[in-house]
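I have placed the structure first, in the form of structure tokens, so that the comments after it can refer back to it.
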Amino acid sequence: MALDIHAHRILILDFGSQYTQLIARRVREIGVYCELHPFDMDEDAIREFAPKGVILAGGPESVHEANSPRCPQAVFDLGVPVFGICYGMQTMAEQLGGKVEGSELREFGYARVDVVGKSRLLDGIEDHIDADGLFGLDVWMSHGDKVTKMPSDFHILASTPSCPIAGMFNDERAYYGVQFHPEVTHTKQGGRILSRFVLDICGCEALWTPSKIAEDAIANIRAQVGTDNVLLGLSGGVDSSVVAALLHKAIGDQLTCVFVDNGLLRLHEGEQVMAMFAENMGVKVIRANAEDQFLNNLAGEADPEKKRKIIGRTFIDVFDAESCKLDNIKYLAQGTIYPDVIESAGAKSGKAHVIKSHHNVGGLPEEMNLKLVEPLRELFKDEVRRLGLELGLPYDMVYRHPFPGPGLGVRILGEVKKEYADLLRRADHIFIEELRKADWYHKVSQAFVVFQPVKSVGVVGDGRRYAWVVALRAVETIDFMTARWAHLPYELLETVSGRIINEIEGISRVTYDVSSKPPATIEWE
């Protein structure tokens with residue numbers, strides 16, 4: 001009998017924290033499957049999920065205010081360990097008989113907590129030991145309220161000068177609460193704390209590994225698809241590439257990929273996709289050269305949102321036209337990943353985390369009367385990358401910087417023209433090439449060039465040149481929700497600028513974008 005990699009599972013209830021997905025990713029990194037659900041998850045569904053432990057995540061509300069979110073009573077009736085983080089600790093305290101109040105001294109950012117209670121959760125975990133033997137942890141705080149009275153059967157776990165009950169525990173029931181965030185990297189021992197809860201206290205086994213995920217996905221694809229044929233839109237991005245590799249391994253020639261070349265790709269990207277999948281792996285790939293169709297449809301349009309819609313509609317038209325030439329296709333594969341399928345405004349109350357769901361190829365499944373196969377729908381992006389390596393995809397492909405679905409169409413400000421796309425492609429290639437040479441490519445999270453439809457005077461040799469302006473953009477981020485502009489060395493920027501201006505006749509000036517997110521976004525459009 002095949003191993004059930006979902007057998008040991010953790011339930012995470014979301015109260016609206018920006019860090020909730022990070023908790024889920026940390027649990028998965030430990031090697032244990034988990035799911036993220038809104039705080040008002042149906043009680044029957046909680047029992048049916050049968051978790052080996054529950055994590056109550058943080059949130060922006062105040063427990064002592066009317067109609068603030070509460071944890072379903074079923075969680076406390078399951079008889080499994082419960083770990084409350086920030087708001088999760090506060091609602092646990094309130095619901096089990098304690099008290100939460102607003103605090104005049106709010107804690108946001110780094111803090112040191114003293115570990116004052118001996119519990120299974122923090123036993124042997126510390127950053128400091130004082131001369132008097134007191135254990136301390138360096139943590140990340142983000143709270144305005146605090147627990148002022150614990151439930152009767154709890155003990156103080158940790159404290160700070162402004163928050164005497166910064167952690168509480170009941171070892172007998174395996175209930176734990178901390179006011180800090182163990183899921184963020186700023187809490188140095190956060191990974192060990194979560195591992196202690198998930199592996200030791202909940203008793204989970206580390207069944208969720210890339211090799212086992214690959215085996216499970218391949219078995220599920222074969223069971224779902226049988227002998228039917230599958231169609232996949234291959235973009236060359238990480239998600240669709242991993243889906244292609246996974247499907248090819250599972251069903252071989254039953255898979256046909258359509259690669260739509262829209263004329264808005266990176267330099268040599270089309271050739272690289274064909275070489276990797278068609279030539280090296282033997283995947284059936286149809287390349288649809290549709291540059292003229294995309295550029296004609298985009299002609300005269302400068303509005304970013306309208307450009308995105310035109311590109312999306314044109315993709316569907318081209319993909320549909322190519323798929324109509326194929327016989328006996330029953331399934332459409334998509335590179336949908338877990339953040340895509342977390343319900344939009346998932347809580348019945350509308351107070352939980354809101355993430356827009358999406359379909360990678362619009363309404364195609366309905367229009368073409370195809371059934372969907374989505375082998376990555378349980379995985380976060382970092383898990384998709386690790387799965388790609390497990391399947392033998394090259395590191396540089398799997399860890400390539402993100403590229404927007406509309407491609408260069410949203411990196412050319414205003415109207416898209418072939419001339420602009422050709423110039424931008426070459427400039428972007430130079431930037432990425434120099435980042436790799438200087439060993440900076442994997443130090444930044446995303447880097448690209450933006451084409452600005454304005455001209456600037458330059459001097460080349462004895463002559464003046466009136467040509468286009470481009471901007472370099474490089475950012476560092478963990479989650480892409482916030483990002484800092486990358487502090488690249490001046491020498492590197494000088495090399496990139498010099499090469500672009502000297503090698504590309506149509507560009508006379510190079511600028512560097514020093515805007516962080518927020519207030520700016522990472523992409524310009």
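Each residue, glycine too, has its Cβ placed from N, Cα and C.
Summarising the annotation, Swiss-Prot assigns active site, nucleophile to Cys86 and lists sequence analysis as the type of evidence. The Cβ neighbour count for Cys86 (active site, nucleophile), using a 10 Å radius and every protein chain shown, is 26.
Taking the Cβ of His181 (active site) as reference, residues of its chain lying under 8 Å away and at least six apart in sequence are, in sequence order, Tyr19, Gly58, Ile85, Cys86, Val139, Trp140, Met141, Ser142, Thr187, Gly190. Under the heading active site, Swiss-Prot lists His181 (among others), citing sequence analysis as support.
The active site annotation in Swiss-Prot covers Glu183 (among others), and the record cites sequence analysis as its basis. When Cβ atoms from all protein chains are considered, those within 10 Å of Glu183 (active site) total 28, not counting its own.
The ATP binding site feature in Swiss-Prot is assigned to Ser235, Gly236, Gly237, Val238, Asp239, Ser240, Ser241. When Cβ atoms from all protein chains are considered, those within 10 Å of Gly237 (ATP binding site) total 18, not counting its own. Under the three-state DSSP scheme, Gly237 (ATP binding site) falls in the coil class.
Here Swiss-Prot flags 9-207 as domain 'Glutamine amidotransferase type-1'.
According to Swiss-Prot, the domain 'GMPS ATP-PPase' annotation covers 208-400.
There are 21 other CB atoms within 10 A of the CB of Ser240 (ATP binding site), with all protein chains counted. Rounded to a whole number, the C-alpha distance linking Ser240 (ATP binding site) with Glu183 (active site) is 29 angstrom. Taking Cβ-Cβ distances under 8 Å and a sequence separation of 6 or more, the neighbours of Ser241 (ATP binding site) in its chain are Leu234, Met276, Phe277, Gly388, Leu393, Met397, Val398. Listed in sequence order, the residues of the same chain lying 6 or more apart from Val238 (ATP binding site) and placing their CB within less than 8 Å of its CB are Lys381, Val384, Arg385, Gly388, Met397, Val398, Arg400.
Each of Leu234, Val242, Val243, Gly335 belongs to the same chain as Ser235, Gly236, Gly237, Val238, Asp239, Ser240, Ser241, is absent from that list, and has a C-beta within 8 angstroms of the C-beta centroid marking the ATP site.
Within the model, the domain 'Glutamine amidotransferase type-1' (9-207) carries an average pLDDT of 91. The two recorded residues Ser235 (ATP binding site) and Glu183 (active site) have their Cα atoms spaced 33 Å from each other.
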